[in-house]
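Below: one structure, written as structure tokens.
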Amino acid sequence: MTMKKLLIIILPVLLSGCSAFNQLVERMQTDTLEYQCDEKPLTVKLNNPRQEVSFVYDNQLLHLKQGISASGARYTDGIYVFWSKGDEATVYKRDRIVLNNCQLQNPQR
């Protein structure tokens, strides 16, 4: 078998392995943060490689990308904003607070 044919056979296998490895690494770099807000608990998935957070609010799964913030970490999709600083967070919908006084539960120090 020529080297070219061997490469054609092996290359897709190697590339699929890289994709699976990258997905595994990305899952390992995702943190689950548990907050207790005024009204209810909030579970937030923080995906550092993608610079986004995701959570369920009002029966919708939201994915918010990291935005510009003078202080703390701010994530938005244009409608919702998740803003955290230290162990506290707030969720806004169209500039109105919908989840307030969210306290991180069991923070890792």
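Each residue, glycine too, has its Cβ placed from N, Cα and C.
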Disulphide pairing with C37 per Swiss-Prot - partner from C18, C102: C102
Which residues in the same chain, at least 6 apart in sequence, have a Cβ under 8 Å from the Cβ of C102 (disulfide bond)? Y35, Q36, C37, D38, L42, S84, E88, A89, T90, V91
Inter-residue Cα distance where the pair is S71 (site 'Directly involved in lysozyme active site inhibition') and K85 (site 'Directly involved in lysozyme active site inhibition'), in Å: 7
